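Student: Let me begin by handing over the structure; questions about it come next.
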Amino acid sequence: MSWAFLRDLLSGVNKYSTGIGRIWVAVVFMFRLLVYVAAAENIWKHEHDEFECNIKQPGCENVCFDHFFPVSHIRLWALQLIMVSTPSLLVVFHVAYRENREKHHNQKLYKNPGKIDGGLLCTYLISLILKTGLEIAFLVLFYKLYNGFKIPRLVKCDIKPCPNTVDCYISKPTEKMIFLYFLVATSCLCIILNLGELGYLIFKYSIKCYLKRHMKKQQ
Amino acid sequence: MDWGALHTILGGVNKHSTSIGKIWLTVLFIFRIMILVVAAEKVWGDEQDDFVCNTLQPGCRNVCYDHFFPISHIRLWALQLIFVSTPALLVAMHVAYRRHEKKRQFRKGDQKCEFKDMEEIRKQRFRIEGSLWWTYTSSIFFRLIFEAVFMYAFYFMYDGFRMPRLMKCNAWPCPNTVDCFVSRPTEKTVFTIFMIAVSSICILLNVAELCYLLTKFFLRRSKKAGNSKQQPNHENKEETKQNEMNELISDSCQNTVIGFSS
């Protein structure tokens with residue numbers, strides 16, 4: 001089980017997406033997943049070993065690291081990627097349900113089970129809202145947990161067993177900050193794409209509904 | 001998800017590229033991505049562990065390392081490769097959109113469409129003309145911009161492409177100016193110069209491809225202007241020759257029909 005599993009999952013989702021949805025999948029693959037695996041993971045690899053406090057007191061470094069990094073940036077990033085990709089599965093399940101229904105009744109119930117209309121449209125809209133919500137939730141979590149998106153070079157720690165306020169130094173803070181900003185930027189881009197897709201679908205189907213009613217009235 | 005997945009994605013674009021584009025893709029995968037994964041990552045693997053400063057002051061090493069390497073070479077290269085590969089996705093999306101339109105035509109039972117089944121549509125190679133030409137040319141243009149920006153960023157951040165053996169650091173909490181020693185500076189310099197050289201080759205390939213596409217575009221335009229006076233059959237023979245030279249199959253059902261009928 002690795003990121004390849006998520007990649008295969010999302011490739012399946014791509015089939016039933018709109019144009020903007022496909023751009024979203026491409027952004028997630030190239031700018032989030034690939035950057036995570038190829039670059040970001042290695043920066044945070046030895047973060048605990050390289051976290052250094054100006055004290056010889058055993059246990060002080062451990063306790064301070066745990067206090068300042070309750071959940072590591074890189075783990076939050078991974079969780080965000082997984083959570084944000086999962087709502088798209090609702091669409092895949094719905095299409096599979098439709099195809100199953102057709103098999104069960106042994107007749108063609110839908111013109112095209114993968115076309116976004118009726119119930120599938122609702123599912124698609126819900127998945128978009130969930131994706132956007134989760135993105136925003138994770139960004140807020142990042143912001144609250146780490147007091148903004150800055151990573152300081154030095155943090156002062158005075159938790160037991162540290163005998164007094166000690167200086168602790170974080171490794172590669174600038175590099176980590178650059179990638180954190182990159183993560184925030186791509187998250188915001190994905191939020192914009194999701195909102196754009198939401199707006200586009202609502203607009204498209206409102207126009208369709210309006211035209212249908214107009215035609216019925218004319219008849 | 002790794003560089004292999006990128007290879008799968010870009011491999012699809014390869015079919016619709018020019019010959020220079022195919023060479024560029026080969027250079028990208030063999031001389032940049034493979035070198036990065038197989039060799040360069042190991043050279044920079046122990047960069048912070050073996051970055052040694054002549055002081056016992058805790059924190060001084062961390063701070064000095066962060067000061068001299070705001071972003072590691074290896075990460076910058078990985079970002080450069082990702083950004084440089086991304087414009088090719090524009091072409092992939094455009095091709096996918098055209099294929100989708102062809103499939104729709106086929107499903108509607110459009111008799112103008114020359115394809116017999118969906119498999120043929122899936123395997124079809126598109127000619128780089130019309131809107132696809134613009135997409136392809138824009139993607140090369142963006143590639144060039146990204147390559148240039150990253151090369152400049154490298155040069156700017158590290159004051160050239162040489163990795164020094166010794167750096168002097170007096171950032172707090174270092175008590176005074178301390179000597180810090182970089183691990184494997186010569187090997188890192190060699191790889192940096194290698195990556196820069198291959199980047200330059202890729203820039204040259206992109207420029208050549210751009211020139212080739214522009215030349216083709218203007219030639220086609222002048223031929224169309226000239227051929228409006230000549231006979232249509234003669235025009236078709238010349239176009240067929242051009243097809244063979246460029247090894248690209250015609251993509252437009254309509255163009256073929258109009259060409260033959262006129």
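Glycine too: its Cβ is placed from the backbone N, Cα and C atoms.
In TrEMBL, annotation is done automatically, which means it is predicted and not curated.
Model, not experiment: these values are computed from the prediction.
When I checked TrEMBL for this same protein, it listed these features:
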COMPBIAS  B:232-244  compositional bias 'Basic and acidic residues'
DOMAIN    B:42-75  domain 'Connexin N-terminal'
DOMAIN    B:146-213  domain 'Connexin cysteine-rich'
REGION    B:226-245  region 'Disordered'
TRANSMEM  B:23-40  transmembrane segment
TRANSMEM  B:77-97  transmembrane segment
TRANSMEM  B:132-158  transmembrane segment
TRANSMEM  B:191-214  transmembrane segment
Student: Run through the domain 'Connexin N-terminal' (B:42-75) and tell me, per DSSP, how many residues are helix, strand and coil.
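Tutor: Going through the domain 'Connexin N-terminal' (B:42-75) residue by residue, I get 14 helix, 2 strand, 18 coil.
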Student: How about long-range neighbours of the transmembrane segment (B:23-40): same chain, 6 or more residues beyond its ends, C-beta under 8 Å?
Tutor: 3, 6-7, 10, 13-14, 17, 73-74, 77-78, 81, 84-85, 191, 194-195, 198-199, 201-202, 205-206, 209
Student: Near the transmembrane segment (B:132-158), which residues from the same chain, at least 6 beyond its ends, have a CB less than 8 A from one of its CBs?
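Tutor: 16-17, 21, 70-71, 73, 76, 79-80, 83-84, 86-88, 90-91, 94-95, 98, 126, 192, 196, 199-200, 202-203, 206-207, 209-210, 213-214, 217.
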Student: Which residue counts does DSSP yield for the domain 'Connexin cysteine-rich' (B:146-213) in the helix, strand and coil classes, in that order?
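Tutor: Helix, strand, coil within the domain 'Connexin cysteine-rich' (B:146-213): 41 helix, 8 strand, 19 coil.
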Student: Please indicate, using numbers and ranges, the residues of the same chain that are 6 or more beyond the transmembrane segment (B:191-214) and have a C-beta under 8 Å from a C-beta there.
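Tutor: Hits for the transmembrane segment (B:191-214): 18, 20-21, 23-24, 27-28, 31-32, 35-36, 39-40, 43, 73, 77, 80, 84, 128, 133, 136-137, 140-141, 143-144, 147-148, 150-151, 154, 161-163.
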